[in-house]
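If you look up TrEMBL, you'll see 11-141, 155-285 marked as domain 'EamA'. Annotated region 'Disordered' per TrEMBL: 294-313, in sequence order. Positions annotated as transmembrane segment by TrEMBL: 39-58, 70-89, 101-119, 126-143, 155-176, 188-209, 215-235, 247-264, 270-289.
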Amino acid sequence: MAQRSGDRMWAVAAAAGLWGTSALMREPLSAVMPAPAIVFYEHLIIALCLTPWVVPAFRELARSGARTIIAMAVVGGGSSALATTLFTLAFTTGDPITPQVLQKLQPLFAILLAVALLGERLRPRFALYAVPALAGAWLLAFADPLSVTLSSAKAAALAIGAAALWAGGTVLGRLAGTTMAFMHVTTVRFCIALPVALVISLATGSSLALDPARIPMLAALALGPGLLALSLYYWGLSRTAASRATLAELTFPLVSALVGVAFLGAEPTWSQWLGGAVVLVSVTAMALARGAEAPTGVQAPPPEREAPASPAR
């Protein structure tokens, strides 16, 4: 695909690829540390990196009104701290590929949330994309889709819960972004998430004792698939059409699968490969079709209320 002048599709692809490497750190860390502790230290490292923006970010938040404050509270507490905890927990009960590829369901959740929060209306055509995607998610989540175990169901539920919360963060983050600069939204998100992650750790009785030997891997997780990927993604998205960004984001599941098979010993069954392909094709077709009038089965609200673009983490 030819790259237009100033196009940053490569940046979106690089960011999505970085997300796909998170299992290299998150999976081994989850074997030796409680998931809430991993998430707490991950957010602590990112928050420390964002320290120069804390004061101006919260000043802007205070001027933005109650709606933005509530949106950012939900984004920080739910879409960042809680979602990342659920995602990390999924690695303790399932394989290292499924939790990541299931995140491609985020656009479905984002559309449903846009219906609820932004006044969009679903049309029957939406089912043409949603039903195959959900069927593919079922095949992907379970090695034997006709014999579901408690462990596999738990891993899938945790991953899908994270996808739903991250999709909510996309919608609410865009609402906040209408009154706040992106860097300020990012800073407030992680600063709010940090105490919430601490509360989750304390409430679950998770030990926050930290072996210094784990610090390099925690830093790699926070700074690579975390802060760097998020910053690169939004920088690239500002000059990349939504349909092209969706294609670029396919590097996420592709890198996830490569990392899982090559480095983490994952051995997906043929039905899981099929399910992953169905999810990717369904969601990509839905996103590519959004350039036409209501092609996804979602009718836009009045012009002053804009629907969210294809979401990502």
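Numbering starts at 1 and runs along the chain as displayed.
Glycine is no exception: its Cβ is also placed from the backbone N, Cα and C atoms.
Broken down by DSSP into helix, strand and coil, the domain 'EamA' (155-285) contains 107 helix, 0 strand, 24 coil. Note: the domain 'EamA' (11-141) comprises 112 helix, 2 strand, 17 coil (DSSP; helix = H, G, I, strand = E, B).
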